[in-house]
Amino acid sequence: MKILIASSHGYKVRETKAFLKKLGEFDIFSLVDYPSYQPPKETGETPEENAIQKGLFAAQTFRCWTIADDSMLIIPALGGLPGKLSASFAGEQANDKDHRKKLLENMRLLENTIDRSAYFECCVALISPFGKIFKAHASCEGTIAFEERGSSGFGYDPLFVKHDYKQTYAELPEAIKNQVSHRAKALVKLQPYVETVLANHLLAGKESL
């Protein structure tokens with residue numbers, strides 16, 4: 001069964017590929033394989049809206065089942081920022097390091113610098129080319145470190161320390177992060193839907209013989 005990972009980010013692609021390979025035989029490809037593809041601009045207010053927006057566009061473009069996700073980092077002391085601006089906090093053309101730098105600058109301006117609680121919200125969606133949508137949500141609570149730590153991961157990983165851990169996401173081995181992150185939790189919740197779609201695909205194949 002052919003399935004697209006609607007991302008060109010190496011870390012996300014590796015994580016999702018590893019998840020799919022545990023579930024069955026898939027012909028997996030991603031947006032890395034299509035460098036000229038132009039994804040839609042993310043205009044959603046929530047991770048669910050963005051995941052569905054990205055997934056529907058890709059599924060209809062490539063005419064196959066698609067997995068898409070979106071995450072937002074929310075810091076209550078900053079009024080919910082970066083929130084829907086998580087991917088563009090320091091500007092549309094800024095990179096991950098720029099976003100982290102701006103976040104730390106904002107944290108230093110707080111009257112109460114002790115309150116560094118934060119959480120990630122994530123939605124992962126499985127979408128057919130005909131608009132059938134399955135979705136799963138997950139979140140991860142933690143705190144924002146005072147400085148960047150670690151060299152793996154991406155985005156805000158060098159700043160986010162999950163509750164019950166002392167390391168930032170970027171300091172955790174990739175195999176561990178792929179078990180405890182918000183995206184990993186959402187993928188686990190999505191698993192029954194992926195298995196059902198695969199089973200139906202295999203059944204349809206047998207009936208056509």
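Glycine is no exception: its Cβ is also placed from the backbone N, Cα and C atoms.
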**Study point:** Co-listed substrate-binding residue [Swiss-Prot; alongside S7, S8, H9, G10, Y11, K12, F154, G155, Y156, D157, K177, H182, R183] among S71, S117
**Key:** S71
Review point. If you measure every Cα to Cα pair among S7, S8, H9, G10, Y11, K12, S71, F154, G155, Y156, D157, K177, H182, R183, the residues listed for substrate, what is the largest value in Å?
Key: 19
Check your understanding: How long is the line from the C-alpha of D157 (substrate binding site) to the C-alpha of D70 (active site, proton acceptor), rounded to the nearest angstrom?
Key -> 15
Revision key, fill the gap. Across the recorded positions (D70, D157), the Cβ with the fewest other Cβ atoms inside 10 Å is that of D157
